[in-house]
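First up is the structure itself, then whatever we jot down about it.
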Amino acid sequence: KDNEEEESKEEESCSHQNRPSRRKNHQRENSSGEKAGVEGNRQRERGKKAPTKDQKESENKEKKTNKKGKDEENKQKTDRKNSSSSASSTSSDEESLSEEELAMLMEQVEQKKKLISTMRNKPWRMVKKLSVLREAQAFVEKFEGALGKGKGKKLYAYKMMMAKKWVKFKRDFDNFKTQCIPWEMKIKEVESHFGSSVASYFIFLRWMYGVNLVLFGLIFGLVIIPEVLMGMPYGSMPRKTVPRAEQATAMDFSVLWDFEGYIKYSALFYGYYNNQRTIGWLKYRLPMAYFMVGISVFGYSLMVVIRSMARNANESTADGDDKNFIFSWKMFTSWDYLIGNPETADNKFASITTSFKESIVDEQESNKDENIHLRRFLRVLANVLIICCLCGSGYLIYFVVKRSQTFSKMQNVGWYERNEVEIVMSLLGMFCPPLFETIAALENYHPRIGLKWQLGRIFALFLGNLYTFLLALMDDVNEKLAEEDLVKNITHWALLSYHNSSVENGSAATSPPLDPADVPRGPCWETTVGIEFVRLTVSDILVTYITILVGDFIRACFVRFVNYCWCWDLEAGFPSYAEFDISGNVLGLVFNQGMIWMGSFYAPGLVGINVLRLLTSMYFQCWAVMSSNVPHERVFKASKSNNFYMGLLLLILFLSLLPVAYTIMSLPPSFDCGPFSGKKRMYDVIQETIELDFPLFVAKIFSYVANPGLIIPAILLMVLAIYYLNAVAEAYQRANAELKKKMQMQREEEKNKRNNKASTNPMLQDLEDLFTPSTKRESAPKQAEDKKVESPNRTIPVEKQGKAAALDGSPMMGGRGAAFTPPPHVFMTQPPMLGIRMPYPGQLRPRGHLPGPVPGWGRGQ
Amino acid sequence: QDCTFFTRKEILRLHGRYHEMAPNVVPMDYTKDPDVKLPMQLIINMPELKENPFKERIVESFSEDGEGSLSFNDFVDMFSVLSEMAPRELKAIYAFKIYDFNTDNFICKSDLEQTLNKLTREELTAEEITLVCEKVIEEADMDGDGKLGFSDFENMISKAPDFLSTFHIRI
C-alpha cells in the first residue's frame, strides 16, 4: 500500500535513467521540435525579467564539467550508488577546493535550492521537472557537506540536517492541514453543479464555522468549563437556583423552550456566574477571565475579518476597472472550469452567448435613452416607497417590543404573545426583501447595480430592525435597573432586620438561614438581554430552515410530481424550481453572526448554539441545494463580491461592538447576579486585578497609560498616521492611473504607427530608415529613452525630416550615399508640414554647422 | 511534491483517479516506472472535464506528444497547473497554450473563432463572430501584428479579475 514509496521510487528510477545522459538529454530536448518551441517561448517571455534559471543552470553545469572533467560526473554517480564511499570522496574534493571555488559552489548550492523551491512554478513537462529536481537535490546533498570548513563543519552539517527535518515537518504538517479541511468534496460537488458563485457561499459558511469554533473554544474553555468544574455547584446560592415560585414548572418543555426555568439559571447565561474573585484550587480568576474573554472575542473576530479582507484585496490587485478588455475577458475568462454538470453547462453556454450579444449591442449603439424624466420619477418613487417600508418595519418592531414589555408583566400570556417580537422580526425579514425586489423593478437598473441596491436595502432593513430592537431592549434594561434598586432595598432591609434580630438573640450567624430559592432577587437585566438574543437566534434558525423546507423542498416536490397532471408546464412556467439565493443567504449569515457577537457577552452559551447551527446548516443547505434548486439563469461572479460580504461583516462587527461596549462602560451590573455583581461598573474588574494581583509599579504604569494626557496624543498620532498613509496611497493611485494612461497612449501610438507604416507612407518609412542611423550616432541612448518616455509620436519622423533638411549635405551623411536617393522627394512633397512643425527652420541651419546637432532637438517638442 | 502544488494525499488520490479510468492498464505499482499512457478519449470523460468546451485542448496541451494521451506525470501536471495554488503566470502560460488551437504560438483569428464557437455552441452569426474577434484583437493586440502573442495575452489576462477564479479545476 505504500503508494508514495512507489512513487518516489518511480521518480528515482526516472531520474536515474536521465542522469547518465544528462547532456544528451539536453540536446535531445532541444532537437525535439515542440519542446524547443516551448522552451524558446518561455525564454522569450521571461527573458526580460531575469536570466532564466534553466540557462543559468546549464551554464553552471557547463562550467563544472569543464573544470572538473568527466570523472567528476562519474564520481557523482558513484556517490549516489554507494554512499559509504561518498564521505571520503567529498572530503578529498573539499581539500582540493580553493576559497574561490568554495564561494562559487556555495552560490550554486543556493541556486539549486532556490530552483527546488520554485520548481512547481515552472512550465515544464513533468519528466523534465522530475529529472531537474533529482539532479538539483543530488547536487545540493552532495556539496552541502563540503561547504562548511574546519570546526564549523559539524555545526553546518547539523544545521542542514535540522533544516531538512524542518522542511519535512512542514510538509507533513501541510499534509495534515489539508486533511483537516472539512467538506471539501461536498463543496466541490455543489461547485460543479452551480458554478463558483454558489460555492462561494458555502466556502464563506465554512470560514464562518471555523471562526465560530475558535470563539466557542475561547468561551467554553476559559469561562464555562472552569465555572462548571470549580465554581459553586447548582443550588448553593440564589443566583444559581430557580426561585421557589417557578420551581413547579421549571422543567416543563414549554418553559425550557422559552429559555426560562432551569436553562435560565444555567451556565449558558451571564447571571449564573459568581462574583468570587478566585475559584478552585487553581485560584482561577473567573470574573477577570470572563471580562477578558468577552473582549478577546471581539478582538479575535476583528483581526480575522480584517486579515482575510486584506488577503482578498491583495489577491485582486489587478482590479479590472478599465474598460479595455471587455471582449477579450469575455472570451478567455468567462468559462468556469469548475462546472461539471450538464445542466449548469447549458446555462453557462446560454449566459455566455447572451452576454456576448449584450455587449455587441452595447458596442453597436452606445446609449439610447428614451424617457429620462419618467425613469427619474420612477426611481425617486421607488426610493420613497422603500424608505416608507423601512420606517414602517422599524416602527412595527418598536411597537411590538413595547407591547411585549407589558405582556411580560402580565401573567398567563399565550405562546404568541411571548414570542411576538421574534415572529414579527422573522416575518419582516422574510417578506420585505421580495417586496423590495418588486419595487426595484420600477427602477430598471442594470442587474448588477440592481443587486447592489437590493443588498444595500436589505442590509438597511436588517440593521434598522436590529437597532430598533436594541433601543427597545435598552428601555427595558433601564426599567429593570429601576426595579432592581427597589429589590436591592428590600433585600438590604431583610438582611438588616435579620441581623437585628440575630444581634438581639445574641447568636453570631453570618448568613441568614434562608433557602437560596426564597431569597428575593433582582431582575438581572444581563440575563434578560442574553435570553432575548438566544431566542432571536433560535427563531431565526427555525425560520431559515422552515423557509428552505417549504420554499424550496415542498415547492420542488410539488413542481416535480404535480406536473404530470396539470394544465400548464409547471417546471418551465410559473412556480418552477427555486434558485439558490446567494445574497440573501450571505446577508442572513452575516446578521446572524452580528447577533452572536452582540449576545455572546451576556449569554456565553450562544456561540455553542451558533456552532451547532452552522454545522447543521452546512449539511442541510447542501442537501437542499442539491435536491431542490436549479442553477442560476444569470450566473453572478463570485470573485468581486467576496470582499463586499467581508465588508458587510466588518460593519456588522463594529455595529455590534457598540452596544456591548456601551453597556460595559456605562451601565451598572446587577447587584445579585453575574461575575461583576457588587461592582459599580464591569470594567472595575481590571482595576481590581491590577491593584490586588500585580506589583505596585504595574498599577502605576497602568495609571500613567490610562491617563488622558497620554491617550489623546496617542489617538492624535494614529490619526496622523492614517492621514499620512492615506495620502501615500492616494499618491500611488495617481501614479498608477498616470502609468495606465501612459501605457494606453503608447499602445495607441504604436498601433497608429504600425498602421501608417503598413499602409500609407512607404516614403516616410524610407525616411525613417534613412535617418535612424544618424540619430543613433548622435545620442543613441537618449533617443531610446525619448522613445520610451514620450512614445514615438507622429512628430518624430517629421522632425527627422527637418533634420534631414538641416543636415543635408553635412559631412555626417557622407558615408551613406546609397540612402540618399529619397530626400529630393521629401522636399517636393512635404514642405508645408515642415514649415508648420519646425517653427524656426532658420535657426536650425546655423546649428547644422556644429559638430553635430544638439541632442536636445529630439526632445524639443 | 516539489514539482506540483499537491500534497502527498492529493497525489495519491489523483493516482487513484488515474487508475480508476483504466484499471487493467494502469498498474498500482509504479516502482518500475512503467510507460503507461491513457488516451484522450478516457481522460476527457472525467466528470471534471466532461462539460468543458476546451477539454480536448486542455488534454492536448498537457500531453507530451501533443496527441492527447497522458502519462501519469502529465496527468498530475495538468491538475497541478489547474489547481487553486498555481500562480497566475503559470496559469497564463497554459491558458495561452489551450486557446492556441493550431499550436503556432500565436492566438490568431481562427483560434479566436474556434474559441468563440466552443463557448457559445455556435449560436452567434458569422458577422457577430467576426465582429467579436476583431474587437478582441483590437483590444488585446499590443504590437499590432493582427494576432495575439503570449505577451499580449499575458498582459490582458493579468488584468482580468475572474481569470484566477475560473481557470481552476478542483479534483
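Glycine residues also receive a Cβ, built from the backbone N, Cα and C atoms like all the rest.
If you look up TrEMBL, you'll see A:1-10 marked as compositional bias 'Acidic residues'.
Residues or ranges marked as compositional bias 'Basic and acidic residues' by TrEMBL: A:51-82 (among others).
Counted with DSSP, the compositional bias 'Basic and acidic residues' (A:743-753) comes out as 11 helix, 0 strand, 0 coil. Per TrEMBL, the feature compositional bias 'Basic and acidic residues' maps to A:743-753 (among others).
The compositional bias 'Basic and acidic residues' annotation in TrEMBL covers A:775-791 (among others).
Look at TrEMBL and you will find A:1-99 (among others) tagged as region 'Disordered'.
Residues annotated as region 'Disordered' in TrEMBL: A:743-826 (among others).
Annotation source TrEMBL lists region 'Disordered' at A:838-861 (among others).
For the transmembrane segment (A:207-229), the residues of the chain that approach it from at least six positions outside its boundaries are 267, 272-274, 279-280, 282, 284, 286, 289-290, 293, 296-297, 300-301, 304, 308, 589, 593, 596, 600, 604-605, 607-608, 610-611, 614-615, 618, judged by C-beta separation under 8 angstroms. Taken from TrEMBL, the feature transmembrane segment covers A:207-229 (among others).
Tertiary neighbourhood of the transmembrane segment (A:288-306): same-chain residues 211, 214-215, 218-219, 222-223, 226, 273, 597, 600-601, 607, 646, 649-650, 653, 657, 660, 664, 675-676, 682-683, 685-686, 689, selected by CB-CB distance under 8 Å and a gap of 6+ residues from either end. Positions annotated as transmembrane segment by TrEMBL: A:288-306 (among others).
Residues or ranges marked as transmembrane segment by TrEMBL: A:380-401 (among others).
The transmembrane segment annotation in TrEMBL covers A:421-442 (among others).
Long-range contacts of the transmembrane segment (A:454-474) within the same chain: residues 386, 389-390, 393-394, 397-398, 401-402, 405, 421, 425, 428-429, 432-433, 436-437, 440, 529, 532, 536, 583-584, 587, 591, 594-595, 598, 644, 648, 655, 659, each at least 6 residues beyond the stretch ends and with a Cβ under 8 Å from a Cβ of the stretch. Residues annotated as transmembrane segment in TrEMBL: A:454-474 (among others).
Counting only same-chain residues 6+ beyond the ends of the transmembrane segment (A:601-623), those with a CB under 8 A from a CB of the stretch are 183, 186, 189-190, 202, 205-206, 208-209, 212-213, 215-216, 219-220, 223-224, 266-270, 294, 297, 526-527, 529-531, 533-534, 537-538, 541, 544-545, 548, 585, 592-593, 660, 664. Among the features that TrEMBL reports, transmembrane segment is placed at A:601-623 (among others).
TrEMBL lists A:644-665 (among others) with the feature transmembrane segment.
For the transmembrane segment (A:701-725), the residues of the chain that approach it from at least six positions outside its boundaries are 690, judged by C-beta separation under 8 angstroms. Summarising the annotation, TrEMBL assigns transmembrane segment to A:701-725 (among others).
Below 8 A, the CB atoms of the transmembrane segment (A:421-442) and the transmembrane segment (A:380-401) form 3+ pairs separated by six or more positions in the chain. Remote same-chain partners of the transmembrane segment (A:644-665), defined as residues 6 or more beyond its termini with a Cβ less than 8 Å from a stretch Cβ, comprise 204, 294, 298, 301-302, 305-306, 308-309, 312, 455, 459, 463, 466-467, 470, 474, 477, 529, 586-587, 590-591, 593-595, 597-598, 601, 681-683.
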